[in-house]
Each structure stands twice: as structure tokens, then as C-alpha cells.
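A.B. asks: Shown below is the structure under consideration.
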């Protein structure tokens, strides 16, 4: 077998099949899955900081809207930046840089005592975490044989659920602690919520260091013209999966990419060898980046790019806004029901507990109120509710198809969002919130899975970044809008979110079928 194959060039899909499927792929799934779980924690950590830090920063609902929007603005700015970098310097190195930046800035933010500074640092966190989120799916997918790719990528949804479950557990343990160092007079105060933010930052640092022990994507290296290095990585994968010697690997030579590589043809060197700090190199790289961006809008990819961007905008606006605000709304329900037992109240009406008109002055009466333990429990139930859908997706995706899961999840989530405006108590609100969380999180993960097959290797991360930018713009607008309207007329954003979900579901009908094609 080895002698026969060594005399022929084989394509990347054949090479992946020959390396086998085993321990290497399980380790890689664990790494990328934990990165994805970590992004869930990084994005939603503000949901517990909002009620906990209300007094320290004297935040109004509008301030909370700005604080939740800051990481989303960072994601808007960072998505395209990291995408360009990953398609020029490589997936692995960019993942490491994004994770280490997120962890470092997260730790620094715990010492911020001024609201604008804290908000700016959370902006940097959003800037960093979007790099990890946008790249981990393409990085994982490019190591998977066609027969396993879609299912493996769908298992990532289970790790997102893990992050959603772990976060309230950490908050439940840390935030109620009677921890408060320093004094406002001294200018430095360190409370339990600061410790909570610090602990949530550490996984990013650990995952960035663990990633040092994993290779660059061989598919990306082939696109860069580095066939020898790609072959060595494939031999390592073969050795890890089979336990056999690297020299027994039945891969002789790898076919060159069918797509032209302008950098390689013109300069006879890999795009990875160019230094982004060198002005001369940047003069070469920027036109290449621009050409890749234009390619996304070319006749070949224009339709897929537009669909991905609009669908991402609709899902992300609804999901990231409500997910971050759910603990805040749970807390308002609990406080209202303490004051008015057995009363029936909607999500929109419950905000009266934080707005009291005293001599025509709006006073935030919610400040100083500890988070009720039911809020932690209800938020934990949101994560637990995602477990059935997280298992259903990878187990049935080959049978039902990714498009079915997208359309089903978004249509039902749209109906549930409308129902949120008509709940009469905290129990009804919790049930609908759990259904919403389970379905929309499954929809978002499925979109990432689909995008791996929609675009070729040289455009895959940039396409993901392009659509993520649209999605984060929606999340930014959604959080700002909800922060301003939650106390005034929260029915408006709820109706808009439901319309966006229905619209995204309809657009999913026009997506091509995926999961059966070879990785381009």
C-alpha cells in the first residue's frame, strides 16, 4: 500500500481518510469544544455582572445596555480582523493569540474601578473572543474526513451547552460570597463579582497554552504551498490514530490545490512567511486580502455570502440579546413576586420594580438587592434545557440534514419569542426561556457547521468572519435597543426579534445542502 501510494499524488480528502479516525480527532474535538464552551462563558459572563455590579458602578438600565453592547462592539470590530489574519498567518497561531488576549484582558478588567474603563476592557474581551469563536469551527473541520465532518462539528453544540451550564454554577458559588476588599473612599474595591470575572478569564489562558501542542491545519498549509509540512502533520496524525510508525503512513505525495495561489506564484513563498509588521510585506498582503474579500462577493459565492450574513444577523440579534438579559429579567420577576405574591405580570410590566417615580425622578430601587438563588437555578435550567437538543443534533443530522435543524429551530424560537410577551408569571417565563435557549443555540451552532462546507479553504475563515461581523452588529444593536426599551416598551424589541427569527428561517430554505461534499 505504501509503495503504491508513494508513486501517486493523492488529494487532501484521500489523505485524511488514510490517516484514520481516532485519538487525535477526539483530542482535537475536546480542545475546540472547550474553546467553544469558553466563548459561551466569555459572551454571557456579563449576564451575572449586570445585577451584581449595579451598585458598584451605579448603573441604570441604559448603562447596562451599553455594558452588554461593549463586547458586541468588540466582536464587530474583531471578526473581520481575525478572519483576515487567520487566512494569512494560519488558524492555530491566531487562535492562540485571541485566547491569550481574552484571558489577559479579562484578568485586568477585574481591577477596573471606573465604569468607562471597565466597559472598554470588556470591549477588548469581545474583540478577542470573536477570534476564537470564528476560527475554532473551520480549524476543527479541516482535520475531519468527509464522512465524519458534519457530525463532529455538530457535537460542538454540546460544548456550548457545557459553557451555559458551567457559568451559573460558578456564579452561584462565587457571587454570593461575602467578599469585599477595600473601600470606595480608597478608590479600590474588590467584590465577589470581580473574583467571578477573574475565574471566568483563566480558561482562555489555559486553552491558549494547550493549543501550542496542536498542529496547524494541513489543508491551510497546502493552500499556502507548504506541502512538505502538511505531509509531516498528516503522518503525525496517522501515528497518533493508529499507533504505527510514521514511516508506515501510506501517503506519498499530496496534490496541489486546484485554486491558484497568487502569493506563491508571484513571490515563490508561503503567505505565512510575510511579516504583518513590515510595511513592504503589508503592501503585498493587503491586495491579497482585498482580493479574497472581493471573492466573497463574486458571482460564485455572492449568494452564499448574502444568505450567511443575513441569517447570522437575524439569529444573533435575538439570541445574544435575550441570553444576556435573561438573568436580569429572572431577578426582576423574583423581586416582583416577593412584593406582590400570586400577582399576574408580564415581562414588560415587571420592570416597574426598578422604576419608581419619586418627585418626577427615576430611582433605581434594584440597587443593593442580592441576586436571588432562584435566578442562579433558573439560569442553570436554561443550560440544562439545551442538553436534549445538543444530543439530537449530532445524532440525527445525517438523517434529517442541517437545513431541517436550522428551519425547525428558528421557526419554533420565533413563536416562543412572541410568547414571552404574554407570560403571566416567572414559571411561564422560565419555560419559554428554556425552549428559546435550547432552539436558538442549536441554530447558531448549525450555522457554523454549514458554513464550513459553503466556502473553500482560502475563503472559509474570512467568510465566517464576514458573516459574524453582521451577526455581532445585530447583537450590538439588540443589546442597546433592549437596554433603552426594557423599562419603557419592551414589546417592541420582542416583536422585532421574533420577526428576525422567522425571516432567518425562511432564508434557510435557500441554503444549499451540505455535509456530503469533499472539503475544498
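Yeah, the Cβs are placed from backbone N, Cα and C, and that goes for glycine too.
Keep in mind that this is a model prediction, so the values were computed, not measured.
In case it helps, TrEMBL gives these features for our protein:
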TRANSMEM  28-53  transmembrane segment
DOMAIN    28-515  domain 'Major facilitator superfamily (MFS) profile'
TRANSMEM  65-86  transmembrane segment
TRANSMEM  93-114  transmembrane segment
TRANSMEM  120-140  transmembrane segment
TRANSMEM  152-175  transmembrane segment
TRANSMEM  195-213  transmembrane segment
TRANSMEM  306-326  transmembrane segment
TRANSMEM  375-397  transmembrane segment
TRANSMEM  404-424  transmembrane segment
TRANSMEM  430-451  transmembrane segment
TRANSMEM  463-485  transmembrane segment
TRANSMEM  491-511  transmembrane segment
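How about a rundown of where these features are and what they're close to?
C.D. replies: Here the transmembrane segment (28-53) has long-range neighbours at 59, 64, 67-68, 71, 95, 99, 102, 106, 122, 125-126, 129, 132-133, 136-137, 139-140, 143, 152, 155-156, 158-160, 162-164, 166-168, 171, 175, 191-193, 196-197, 200, 203-204, 207, 210-211, 214, 320, 323-328, 331, 366, 369, 371, 375, 379, meaning same-chain residues at least 6 beyond its ends whose C-beta is under 8 angstroms from one of its own.
Sequence-distant contacts of the transmembrane segment (93-114), counting only residues of its own chain at least 6 positions beyond either end whose CB sits under 8 Å from a CB of the stretch, comprise 35, 38, 42, 82, 85-86, 121-122, 124-125, 127-132, 135-136, 139, 187-190, 194-195, 197-198, 200-208, 211-212, 216.
Taking Cβ pairs closer than 8 Å, the transmembrane segment (152-175) reaches residues 25, 29, 32-34, 36-41, 44-45, 47-48, 52, 136-137, 140-141, 144, 192-193, 195-196, 199-200, 327, 371, 373, 376-377, 379-380, 382-384, 386-387, 389-391, 393-394, 397, 402, 437, 441-442, 444-446, 448-449, 452 in its own chain, all 6 or more past its ends.
Away from its own ends, the transmembrane segment (195-213) comes close to residues 31, 34-35, 38, 41-42, 45, 48-49, 52, 92, 95-100, 102-107, 109-110, 128-129, 132, 167, 170-171, 174-175, 177, 179 of its chain (Cβ-Cβ under 8 Å, at least six residues beyond either end).
Outside the transmembrane segment (463-485) by six or more residues, the chain places 61-66, 68-69, 72-73, 75-76, 79-84, 86, 126, 130, 133-135, 137-138, 293, 296, 301, 304-305, 308-322, 324-325, 448, 451, 454-455, 492-493, 496-497, 500 with a CB less than 8 A from a CB of the stretch.
Below 8 angstroms of C-beta separation, residues 303-304, 307, 310-311, 313-315, 317-318, 321-322, 347-348, 403, 406-407, 410-411, 413-415, 417-418, 420-421, 440, 443, 450, 454, 474, 478, 481-482, 485 of the same chain, each at least six residues beyond the ends of the transmembrane segment (491-511), sit close to that stretch.
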A.B. asks: Using Cβ distances below 8 Å and needing 3 or more such pairs, separated by at least 6 in sequence, tell me whether the transmembrane segment (375-397) contacts the transmembrane segment (65-86).
C.D. replies: no
A.B. asks: Quickly jot the same-chain residues contacting the transmembrane segment (65-86) by Cβ under 8 Å, restricted to those at least six beyond its ends, or write none.
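C.D. replies: Same-chain contacts beyond the flanks: 42-43, 46, 49-50, 59, 94-95, 98, 115, 118-120, 122-131, 134-135, 138, 276, 289, 292, 320-321, 324-325, 461-466, 468-469, 472-473, 475-476, 479-484, 486.
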A.B. asks: At least three Cβ pairs under 8 Å linking the transmembrane segment (404-424) and the transmembrane segment (430-451), pairs spaced 6 or more in sequence?
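C.D. replies: Contact criterion met.
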